[in-house]
């Protein structure tokens with residue numbers, strides 16, 4: 001048995017997230033079907049996290065366990081030949097059998113894209129949230145620094161989240177504008193259910209005046225989901241990378 | 001009667017080009033239907049050029065003639081509300097009735113995108129040509145300067161082109177790399193049928209060694225379509241802008 005660490009890019013628009021579900025097409029299932037076609041056997045695939053329906057990835061990590069003589073390069077090329085066009089394997093390497101893509105993950109980086117032009121952009125349809133009112137990126141960047149550090153993020157977790165420990169550490173949060181595109185980028189040791197989308201939605205509410213400037217430390221402190229902002233739509237969210245200690 | 005100059009962005013993946021055809025959905029028809037829904041009458045729409053099936057636009061210009069009291073801003077907003085998500089009106093202004101978007105066009109700029117990574121990229125699927133062999137952008141840029149100036153482009157025109165005069169002037173041609181994306185950008189006073197796609201396809205053939213470095217002036221001179229390269233796929237092509245004299 002060998003263990004391959006794959007890095008995936010996918011446009012999540014057509015998928016009900018990563019994890020296998022009944023009656024819905026997911027990325028995990030699509031990858032398992034592709035692997036079965038190549039390797040002739042059902043191979044277990046484990047992801048670095050769940051993702052919501054419609055969420056995208058530039059560097060989603062997962063492990064594929066298989067009995068095969070294929071080199072990582074050949075396995076990658078074979079998977080890319082049979083996977084649908086909205087999923088690609090950007091990297092593939094062999095890792096120890098003890099390696100686990102979720103438990104061994106040290107930190108993850110997500111990006112959220114907002115198309116902030118006056119009119120919608122067909123090329124960001126389903127790939128960015130369209131928000132036509134002007135965002136002040138330096139202001140939002142400054143406000144968002146309140147998220148950095150080790151905090152209880154209960155106020156920024158969907159009510160149906162099942163995790164008990166809601167303390168997470170955010171290492172960096174940036175908000176940058178490039179033309180009419182605004183990028184929110186956040187790196188942390190882990191993220192609660194819907195957390196990135198609520199962090200971004202809260203910043204949008206702050207911009208719109210529904211929350212007061214400087215109020216984010218108090219919102220965090222409250223641990224009250226009702227004090228934070230709306231959940232931004234899934235279509236703007238990208239898992240950019242998962243980082244591991246030297247394997 | 002009033003005449004409105006619209007600037008369109010569209011992802012052409014779902015369309016059989018600009019011009020109305022029987023038994024195929026086109027951008028022109030889709031826009032006319034949207035205008036009819038808003039204005040209650042069939043309004044003629046004229047484009048700055050034809051485009052092939054699958055070609056995209058960041059700044060396609062067209063004129064809409066209508067009897068309406070709407071301001072350009074209101075007309076733009078109304079069209080954006082009813083157009084499908086892969087077409088948007090980025091600008092709208094009133095122009096004299098004598099203005100014609102094709103005959104009055106002084107120059108056009110096209111861009112061609114090549115995804116030049118080792119593996120295909122789901123986010124450029126249908127929006128760039130995937131070419132996995134490394135392109136030397138500075139080399140191609142230097143070679144492409146042979147296209148600049150006033151030439152007979154018969155060698156770079158699809159055989160079924162119907163235009164008699166095949167002399168065109170290219171003002172600028174650039175080839176630039178940004179990461180794994182290579183951008184070909186060309187500005188000229190006009191373009192023959194499939195011309196940009198053949199210019200790019202010829203540069204790709206040059207890179208692949210199927211044409212000799214320095215041979216482009218001789219290919220131009222020959223006026224022989226068989227001496228030029230393949231026609232690059234439509235999916236990488238974008239009409240970026242059409243320029244007019246002061247209106």
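Cβ atoms here come from the backbone N, Cα and C positions, even for glycine.
No curator has checked TrEMBL annotations; they are predicted automatically.
Lifted from TrEMBL, the feature list:
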type: DOMAIN; residues: B:10-104; note: domain 'Pseudouridine synthase I TruA alpha/beta'
type: ACT_SITE; residues: B:52; note: active site, nucleophile
type: BINDING; residues: B:110; note: substrate binding site
type: DOMAIN; residues: B:144-244; note: domain 'Pseudouridine synthase I TruA alpha/beta'
Tally of DSSP helical, extended and coil residues in the domain 'Pseudouridine synthase I TruA alpha/beta' (B:10-104): 27 helix, 26 strand, 42 coil
Number of helical, extended and coil residues in the domain 'Pseudouridine synthase I TruA alpha/beta' (B:144-244), per DSSP: 33 helix, 32 strand, 36 coil
Between residue B:110 (substrate binding site) and residue B:52 (active site, nucleophile): CA-CA distance (Å): 13
Mean per-residue pLDDT computed across the domain 'Pseudouridine synthase I TruA alpha/beta' (B:10-104): 95
CB contacts for residue B:110 (substrate binding site) [other CB atoms within 10 A, all chains]: 25
C-beta crowding around the residue listed as 'active site, nucleophile', within 10 angstroms: 20
